[in-house]
Amino acid sequence: MRTDYCGLIDTRYLDQTVTVKGWVHRRRDHGGVIFIDLRDREGLVQVVIDPDTPEAFATADSARNEFVLSITGRVRRRPEGTTNAKMISGEIELLAKEIEILNAAATPPFQIDDENLSETVRLTNRVIDLRRPAMQKNLRLRYQVAMGVRRYLDAQGFIDIETPMLTRSTPEGARDYLVPSRVHPGEFFALPQSPQLFKQLLMVAGFDRYYQIVKCFRDEDLRADRQPEFTQIDLETSFLNEDDIMDITEGMARQVFHDAMDVELGDFPRMTYADAMHYYGSDKPDLRVSLKFAELTDVMKDVPFKVFNAAANLPNGRVVALRVPGGAKLSRKEIDEYTQFVGIYGAKGLAYIKVNDVSKLTTDETSGLQSPIVKNLTEGVLKSIVERTGAENGDIIFFGADKAKVVNEAIGALRIRIGHEHGEAGGYFVREWRPLWVVDFPMFEYDEDDDRWTACHHPFTSPKPGHEDLMATDPGACIARAYDMVLNGWEIGGGSIRIHRADVQEKVFGALKISPEEQQNKFGFLLDNLKFGAPPHGGLAFGLDRLVTLMAGADSIRDVIAFPKTQRAQCLLTNAPNAVDEKQLKELSLRLRQKADVAGGAA
């Protein structure tokens, strides 16, 4: 029987005989003595095998990396000068008496401690990849976070209730994963994008406080922080307002960070969506970077410089400045790189002014401002730029001028990049956790392609009191009772107070141009049950994968999921998705359309 994990054998076991079991991490032959580093989930222990135990020595001599061994031996102190303070077992070693090979191993596709691996190699050989200490650490952290959430919510009176995995297809903004029904030919279940409607119905049923750590599914284009199947920490409450829900979930975040990482989160300031977009160009601002936008749209409407003038006079245009303290020393090469970078977000260029002497705001060769655009601006405008940005000698000011969406995304991304690259040295970046709440989101946003209003969060979010009538007269001015928890530029949780009256829910559907017939067809079960005394209710969902990615400092969300999909929604380990045979399709009353034969295609 195993005495303890390899990584936990320490000086407590000195002079005792112990048995450990694990994988050969490394094997070394030094002058007739064999050393094996045996690994399990808790770490390594150094095993020494000398020729005085010939049977154990012969077995050790035949062992190779990743063989599975059971080793019994006596614990002794390592010789002076060979200890390793970074390991729990670093002061001791195990002098082997008996070694049993529990299983041999083929040569692994890579060394466990190899850190220079492509993601394709790692995901194809995911089982071996999961043996790496970094992956073990990430998944242990994920477990600790999940357990911390459960402990906290249990203590707060929440009940863990499962909701269906097979449900009906309802529009929630992304494509559904559909599951054909064998019993009902031609009809389909959908895998849930969230438990949203079921958790609201649980509130109508009187459960008061619900939570669930649950899988959700969205068939959408994938990015670094997205997966087709992902895990939510989902909760819903009755009879609480926004402040109550934010207080509860803020407490949960504090406890999880304390228990899992020994981190004390600071204050959670609240910022309106309007302020977040005005100052940071993002509804999930990274407050570690202190740089802010300065609004210049109003002063650029009549300037001779066409780039600024045209943008300032667009109905949805915007002109902003971003002051970078000490940025005048940026090289031409760096500025060119930033110009290319903002182009990714649709910006057509990146104007800038280097501030050499703020006392000389002229437009001629005597100017203390260095830039090709200075001559196209007036002294009054230059003064406004310096005053609004608070620019000082040695600074650089970057400008964004375009549709507001382009400006927000391009200059917002530039703000983050410059902050991370130069902020610590320049005093405008702090390396710590900076949480906040973003509140007062718009209820709707206009989709120009479809010529209609769409829900910013989802169509079950309640408007602020007094805003119900705006849904029919001015949807763009309607504010939602929605809130997002943001941490270091990542939205880690989002929620809202829900609509608990059927008549208000019908008004929202109407504003979204969902006909009464479609409302009843797709959401009749919700509307009908809201009429049976639904309590005021609201909730929030955290993305567990995203939260753990942030806490672990991982490069990708795939580094905190045991068996993730690629950005093409494939599992390289199992080669899923895969074709199925004709018999299975026939049972489901399905027939695949053949791909068009384009050999020698049309001219």
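Using the three backbone atoms N, Cα and C, a Cβ is placed for every residue, glycine included.
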To which of Gln227, Gln505 does Swiss-Prot also attribute binding of ATP at the site defined by Arg218, Asp219, Glu220, Glu491, Gly543, Leu544, Asp545, Arg546?
-> Gln227
Annotated region 'Aspartate' segment (source Swiss-Prot; candidates 12-15, 120-123, 196-199) = 196-199
All chains considered, the count of other Cβ atoms within 10 Å of the Cβ of Arg498 (L-aspartate binding site) is 23
What is the number of residues in the region 'Aspartate' (196-199) that are helix, strand and coil, as DSSP sees it?
-> 4 helix, 0 strand, 0 coil
Could you state the CA-to-CA distance between Arg498 (L-aspartate binding site) and Glu491 (ATP binding site) to the nearest Å?
-> 20
Just the number: how many Å between the Cα atoms of His30 (site 'Important for tRNA non-discrimination') and Glu220 (ATP binding site)?
-> 55
Quick note, Gly81 (site 'Important for tRNA non-discrimination') and Arg546 (ATP binding site): C-alpha atoms separated, nearest Å, by 43
For His457 (L-aspartate binding site), the spatially nearest of the binding-site residues Glu220, Glu491, Leu544, Arg546, using Cα atoms, is Glu491
